[in-house]
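Have a look at the structure below, then the notes.
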Amino acid sequence: MRQVAIYGKGGIGKSTTTQNLTSGLAELGKKIMVVGCDPKADSTRLLLGGLAQKTVLDTLREEGEDVDLDTIMKTGFGNIKCVESGGPEPGVGCAGRGIITSINMLEQLGAYEDELDYVFYDVLGDVVCGGFAMPIREGKAKEIYIVASGEMMAMYAANNISKGISKFANTGGVRLGGIICNSRKVKNEKELLEAFAKELGTQLIYFVPRSHEVQKAEINKQTVIQFNPKDEQADEYRALAKAIDGNDMYVVPKPMAQDKLEAILMEYGLLE
């Protein structure tokens, strides 16, 4: 079983990418569980046809410790098992703790015992604070992919996340599998991210082009592969799935200093 964490700055399209990617893996016959580690609890919405899933933390708050796996796990498109860890009430508590509680709960209820090929953790945002680093810190997820675009803040966040990965690489055995570009149609975007990935010591594992089909599918509460399986964008996600499935490059990233990051951005015309 491969345990994969998807990181990236807030709003970059991690949840969309994760759900479309896992749909592609499901088509390849893989057995998958997606664990949403974001208080917004939208990591499995497209797989479940828009169903607002009850989160692990809400269930614990309402029902106490006596929880059945069926209550917190729903089966979505391609038989993908879907769980949302949820978050604390706003202004109270730490969302990162929620992730820890959820993963522990899933382990206790035997969610990992079902012959899974993949578990994906879709993890909130830019901050690699203690709780959000949980899937990598505790050695749950062994491989990480960072979703980025050619925008400065997305790359800044990717560099920061790499610092977190390199910090936990020795203790948790975690490795970076590559950068996934979720294109924003920035000038020289692919070349920029290839140079950025190379500097980090990793690879641009796939470049997902921008497409209106993604938004159309989202409005219909589906992944592109389910909504319009013959569309070119569906094939892009299938190719991303194959790239992840066949990946054999796992590294401890070498995060760069701010001036080096800015030099790469300048070289490709972003800071002109």
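Cβ coordinates come from backbone N, Cα and C, glycine included.
Since we're looking at a predicted model, the values are computed, not measured.
Lifted from Swiss-Prot, the feature list:
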BINDING   Gly8, Lys9, Gly10, Gly11, Ile12, Gly13, Lys14, Ser15  ATP binding site
BINDING   Cys94, Cys129  [4Fe-4S] cluster binding site
MOD_RES   Arg97  ADP-ribosylarginine
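This view paints the features noted in Swiss-Prot onto the structure.
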{"residue": "Gly11", "record": "ATP binding site", "contacts (Cβ under 8 Å, 6+ apart)": "none"}
{"residue": "Ile12", "record": "ATP binding site", "contacts (Cβ under 8 Å, 6+ apart)": "Val147, Ala148, Ser149, Ala154, Ala157, Asn182"}
{"residue": "Gly13", "record": "ATP binding site", "contacts (Cβ under 8 Å, 6+ apart)": "Val147, Asn182"}
{"residue": "Lys14", "record": "ATP binding site", "contacts (Cβ under 8 Å, 6+ apart)": "Ile6, Tyr7, Gly8, Asp122, Val123, Val147"}
{"residue": "Ser15", "record": "ATP binding site", "contacts (Cβ under 8 Å, 6+ apart)": "Gly36, Asp38, Asp42, Ser43, Arg45, Asp122"}
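Cα of Lys9 (ATP binding site) to Cα of Arg97 (ADP-ribosylarginine): a span of 20 Å. In this structure, the recorded positions Lys9, Arg97 were compared by how many other Cβ atoms lie within 10 Å of their Cβ, and the smallest count belongs to Arg97.
Taking each of the binding-site residues Gly8, Gly10 in turn and counting other Cβ atoms within 10 Å of its Cβ gives the largest count for Gly8. Other Cβ atoms within 10 Å of the Cβ of Cys94 ([4Fe-4S] cluster binding site), summed over all protein chains shown, number 14. The two recorded residues, Arg97 (ADP-ribosylarginine) and Gly10 (ATP binding site), have Cα atoms 19 Å apart.
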